[in-house]
Amino acid sequence: MALKQLAAAVALALSIQAAQGAAVKEKRATCSNGATVGDASSCAWFDVLDDIQQNLFNGAQCGAEAHESIRLVFHDAIAISPALESQGKFGGGGADGSIILFDDIETNFHPNIGLDEIVNLQKPFIQKHGVTPGDFIAFAGAVAMSNCPGAPQMNFFTGRAPATQAAPDGLVPEPFHTVDQIISRVNDAGEFDELELVWMLSAHSVAAANDVDPTIQGLAFDSTPGVFDSQFFVETQLRGTAFPGSGGNQGEVESPLPGEMRLQSDSSIARDSRTACEWQSFVNNQSKLVSDFQFIFLALTQLGENPDAMTDCSDVIPISKPVPNNVPFSFFPAGKTMADVEQACAETPFPTLTTLPGPETSVQRIQPPPGA
């Protein structure tokens, strides 16, 4: 989805909003809990919200279950290929919930290894509340992200029909893929460009690896995995010095901090001339991080769908807490300085950041979901 398409889409959305403002206001409904929503059908999702916040996300925490729910959104949605369709083959349904409906097939695909745990955790909620898997994946991902301080106001639309067949294998990027391969894949999936690829990877701000290193799970990608901030974009540009576990694993390269995982793909995209400046642009720029991820998350959750036929239930999604104010938006972890930065953007210098005081930062493991 090129930036000119984004600009056109925003302009169209604003014109529609202006033209239909009065009608939307009249359509708003009040739910039994007193909340006001844009469409009465959204009210049913408050029961789902209360249930998953307590029983899936452990009291609205930005923990392992939230991280894996966000990951599941991408792995379900990106499995769509117009290129395959043009060859007369089934190209996948995008954000249709096929990874849950056909989990015996899709969770065995190599890039989806480990997702069977969150799929099994989500299934009972889908059955209990009678919603479609595609809608639930998008909802759980939006709620999960809202549990992470600093996250944007997440959007959520309903209307996804159940998937009719499993997505083909080979459509989810792997951490050992080249930058060319990954850019090509996301461009095929949704006409996303290299800048929008970087926006997608903002999700790694609140993420961890459970299966890249088979000897250790819950390895975070940055030192603040419970906060949606730009530390991921800072720390991926620091010189790698060691592996957090066994090392030598496919798709892993050295990281700068003890206990931190660095994916080969993240390292490569952070240093590629096509993406390095966009990567660096998020450092110390929380507002850009928030707005770009808000857009790309919605775009991902509508892959394979007709947005005009969907219902906006974003009113149900909680508003995230702000980033804690006891530390800067971006900083060098204790023990790191500008000398550790591997400058990749040729257009602008790396921002000047404060180094946190104290002994060298060591990143704590995130407890994986039950059964992992």
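A Cβ is built for glycine as well, from the same backbone N, Cα and C atoms used for every other residue.
What Swiss-Prot annotates here:
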- CYS31-CYS43: disulfide bond (DISULFID)
- CYS62-CYS148: disulfide bond (DISULFID)
- ARG71: site 'Transition state stabilizer' (SITE)
- HIS75: active site, proton acceptor (ACT_SITE)
- ASP76, GLY94, ASP96, SER98: Ca(2+) 1 binding site (BINDING)
- HIS204: heme b binding site (BINDING)
- SER205, ASP222, THR224, VAL227, ASP229: Ca(2+) 2 binding site (BINDING)
- CYS277-CYS345: disulfide bond (DISULFID)
- ASN285: N-linked glycosylation site (CARBOHYD)
- 352-372: region 'Disordered' (REGION)
- 352-361: compositional bias 'Low complexity' (COMPBIAS)
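Listed in sequence order, the recorded positions near VAL227 (Ca(2+) 2 binding site) (C-alpha within 10 Å of its C-alpha) are CYS62, CYS148, out of CYS43, CYS62, GLY94, ASP96, SER98, CYS148. Close to GLY94 (Ca(2+) 1 binding site), meaning Cα to Cα within 10 A, are the following recorded positions out of ARG71, HIS75, ASP222, ASN285: HIS75. Other than SER205, ASP222, THR224, VAL227, ASP229, the residues of this chain whose Cβ falls within 8 Å of the Cβ centroid of the Ca(2+) 2 site are, in sequence order, GLY150, VAL206, SER223, PRO225, GLY226, PHE228, SER230, GLN231, PHE232. Between the CA atoms of CYS277 (disulfide bond) and ASP229 (Ca(2+) 2 binding site) there is a gap of 17 Å, rounded to the nearest whole number.
All protein chains considered, the CB of CYS148 (disulfide bond) has 25 other CB atoms within 10 Å.
Of CYS148, ASP229, CYS345, all annotated as recorded positions, the residue with the shortest Cα distance to CYS43 (disulfide bond) is CYS148. It is 29 Å from the Cα atom of CYS345 (disulfide bond) to that of the residue listed as 'active site, proton acceptor'.
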